[in-house]
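Reading through the structure tokens given below for one structure.
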Amino acid sequence: MSNSFNREIMAREQLQVLNALDVAKTQWYHFTAIVIAGMGFFTDAYDLFCISLVTKLLGRIYYYQPGSDTPGALPSNVLSAVNGVAFCGTLSGQLFFGWLGDKMGRKRVYGMTLMIMVICSIASGLSFGKNPTAVMSTLCFFRFWLGFGIGGDYPLSATIMSEYANKKTRGAFIAAVFAMQGFGILAGGMVAVIISAAFKAQFPAPVFEVDPAGSTVPQADYAWRIIVMFGAIPAALTYYWRMKMPETARYTALVAKNAKQAASDMAKVLEVELESEQEKIEKMSQEKGNDFGLFSTQFARRHGLHLLGTTTTWFLLDIAFYSQNLFQKDIFSAIGWIPKPQTMNALDELFKIARAQTLIALCSTVPGYWFTVAFIDRIGRFAIQLMGFFFMTVFMFALAIPYHHWTLPDNRIGFVVIYSLTFFFANFGPNATTFVVPAEIFPARLRSTCHGISAASGKAGAIVGAFGFLYAADGIGVRKTLIVLGVVNFLGMIFTFLVPESKGKSLEEMSGEGEEENGSTAESRQTVPV
């Protein structure tokens, strides 16, 4: 029996508290953790995507030129800033809070991110003055900091859930937290439908063709602000419960080296007796080869390809995913699913855009997330990610190559169906798995940091999607843009082969914690499934 194999057996006996978490039956605390972490993601998705619903309304309110025969629209640079600035904040927050989560602990940083989100959601809906520059500047400033708070939620929620979960259903639990994004997108559409319908009923207005100035009632300025500020409510409701969650045992034991506290916290959560094993922790911490840092050759050798895999796949996915999500209203307009702006008043346009997004979310986005939750621990992360990228590639080309065919009035429903299927396979695919895997395969002391780096790489892709798609669609047209996105999805499929399978393994088994520097099991275990 090799030294490394002996050490692996020891690792199972070493810390009772971690073993207890790995083999724990699914209990009530698992579901409370999903809801507490998931409400953060509900808010994240609501805040990030609700802006795409109101950009047309903002254009009508603040950028209408009297005498023009088209409704006001945000200039390209302003539209890019409004759509993309939150992603810049998110990227910064993922890196900063990911690092801070490993330094200060998951729980201490967790409440901070939520408070930033609550304050900035409300502030985004307020503005100084009424002239376009002041309103847009205020909106962009607070959306940057809103994104910064949202960014922190990614590595912390994923890490907390992975460290709380058992081996058997860990993938489903982390995916369930992420699946709350689907409900956030759905809620964004529903809130916008309700607000716009209420304002339409209360303040009727003629369509733009009949009365250009009168088609945008002054009260419409309140509608977008209410929609944007609504995101503060779910975040505020979960703050108290976040503060009551104990620190994860893996952080307390493996990073803070406090066995007594870890055993005490988890004994309450699991409702079992656990003994403190301080001597074992001290023994583990004295062993060489398991204290390497992020920028060490040992990290590069053990986890370098894994980090490359998680960052590239998330980057490529988000280029496609956020392009689709943020600009679906433009695609719907291009194929005639939403009428021409001149035939509607401002609130009617908001209503129809929100209704279209709600239908897409209900029929494809939300089910896709929950398919992942149902199957991730059965067929594995690798298979789901590969399958998702494959079908996204196929459907993108199916839309792009006969694009003219889809623009004909009789074929529009077919376009929407295929477009919906790309969303379904994004969510029953890489959109969920790219979030799950980085929380499982890196060592505890670097887990939050590495997840933050992977997520930030994804947001860099979202920024490319948000800014790039806008200019690409204007410059090379929607058809060629869809072909580019098809190629991006194909590249995502190729880079998936760098990501290891973590189904059914403990976190310590995946990260190789507790093994010698030259331990052969760490390397042999982390082979890529093919």
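Glycine is no exception: its Cβ is also placed from the backbone N, Cα and C atoms.
Caution: TrEMBL annotation is automatic and unverified by curators.
Keep in mind the model is a prediction, meaning the values are calculated, not measured.
Per TrEMBL, the feature coiled coil maps to 260-287. According to TrEMBL, the feature domain 'Major facilitator superfamily (MFS) profile' maps to 33-504. Among the features that TrEMBL reports, region 'Disordered' is placed at 507-530. The feature transmembrane segment is assigned by TrEMBL to 28-54, 74-97, 109-128, 172-199, 222-241, 359-376, 382-401, 413-432, 452-473, 482-500.
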Is the transmembrane segment (222-241) in contact with the transmembrane segment (482-500), using three or more Cβ pairs under 8 angstroms as the rule and ignoring pairs under 6 apart in sequence? no
So are the transmembrane segment (452-473) and the transmembrane segment (74-97) touching or not, going by 3+ C-beta pairs under 8 A with a sequence gap of 6 or more? yes
Are there residues at least six beyond either end of the transmembrane segment (172-199) with Cβ under 8 Å to its Cβ atoms? List them, or say none. 30, 33-34, 37-39, 41-47, 49-50, 53-54, 157-158, 161-162, 164-165, 217, 219-220, 222-223, 226-227, 230, 325, 347-348, 350-351, 353-355, 357-358, 361-362, 365-366, 368-370, 372-374, 376-377, 427, 431-433, 435-436, 439-440
Decide whether the stretches the transmembrane segment (222-241) and the transmembrane segment (28-54) have at least 3 CB pairs under 8 angstroms, with pairs required to be 6 or more apart in sequence. yes
For the domain 'Major facilitator superfamily (MFS) profile' (33-504), mean pLDDT (0 to 100): 88
